[in-house]
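Features of the protein shown, as given by TrEMBL:
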- 59-78: transmembrane segment (TRANSMEM)
- 109-137: transmembrane segment (TRANSMEM)
- 142-257: domain 'Phosphatidic acid phosphatase type 2/haloperoxidase' (DOMAIN)
- 144-164: transmembrane segment (TRANSMEM)
- 184-204: transmembrane segment (TRANSMEM)
- 211-236: transmembrane segment (TRANSMEM)
- 242-262: transmembrane segment (TRANSMEM)
- 272-292: region 'Disordered' (REGION)
- 282-292: compositional bias 'Basic and acidic residues' (COMPBIAS)
Amino acid sequence: MLPARGRTAILDGTRACAGRRQEGAAVTDTTEKPGRLKRFHEKFIVEERFVSAAARRNLIIIAIVLMVVGVSAFLFILDSVLEADDVSAIDKPVEAWLEGARADWLTTVMAVIAFVFGPIVMPIIALVTTVAWGILARHAWRPILLAGGMLLGLVLVQALAPIIDRQRPPISEMLLEVDKTASFPSGHVMGVADFLFITTYLVFSRHRNTIVAVFAYIVATAIVLLTAACRIYLGYHWATDALASISLSLFVLGLVILVDVWRTVRVRPPGMSDQEASGDTFGERGDASAGS
């Protein structure tokens, strides 16, 4: 039997150890929570790049011009379609020209293009790209912007098409399955244009090589025009349907640029090095290989 004084000392020591363990656990919890919040903030919120005041102003001007041109062109084309005049006069000549170029091999190529950029495969491509980019990149800001821009484009098409309710070309001219949904604007062209234009901007706006960026935009535009020609060739859209979709895509692109500049672009302070000001390509410099 231990004396009473000894038992008291042991109990006091046990309580002291338990108290220290509780304090340690509390410290761990308080340090882990800011750590998790910091990781969340860095992943989804923080992404900044520094440019000159003139460069930031030019980006804002480009964004506003794209939005104004896109909306103005769409409204002009819509008015032409509703009034059956002006630019809508190109619809039948373009359709006749592409129909005259029909050949078995070309129809096969166009059918493949329609499938790849259609309502099944294209959303899968966009989803995989967005998710993979968000996982591999240090920051998820640009994948979120891409997803948001494409969602906006989808909402615009789904909202406008039934309201405008334009008839497609005759069913007899459709080379694949019959489609009786509204024709204006083209959802196929809108989806491809949004994906390619927004992705091109989000990737190459972080690159300093102007030649590479210009080439990327040219390739993106060529694919969009090819998709538009494909839809007209296969007999599912008029030329003005495709032009209206491209116009709306310019508006969406301008809006994405404006949001991106507002959130990420800062005026470069004096004395900042080029490496510090360059921001990230697919996260930071160390993530560049993941984005190539």
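For all residues, glycine too, the Cβ spot is worked out from N, Cα and C.
Bear in mind that TrEMBL entries carry predicted annotations, made automatically and left uncurated.
What you are looking at is a predicted structure, and each value in this text was computed from that prediction instead of being measured.
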Looking only at the recorded stretches 144-164, 184-204, 211-236, which one has the largest tally of CB-CB distances under 8 Å to the transmembrane segment (242-262)? 184-204
Using a Cβ cut-off under 8 Å, which residues of the same chain at least 6 positions beyond either end of the transmembrane segment (211-236) come close to it? 94-95, 98-99, 101-102, 106-107, 110-111, 113-114, 117, 168-170, 173-176, 179, 183, 186, 188-189, 192-193, 196-197, 199-200, 203-205, 242-243, 245-246, 249
Where does the mean pLDDT land for the domain 'Phosphatidic acid phosphatase type 2/haloperoxidase' (142-257)? 90
Long-range CB partners for the transmembrane segment (59-78) (under 8 A, at least six residues beyond its ends), listed in sequence order, are 51, 86-88, 164, 184-185, 240, 243-244, 247-255, 257-258, 261, 265
Residue counts in helix (H, G, I), strand (E, B) and coil for the domain 'Phosphatidic acid phosphatase type 2/haloperoxidase' (142-257), per DSSP? 87 helix, 0 strand, 29 coil
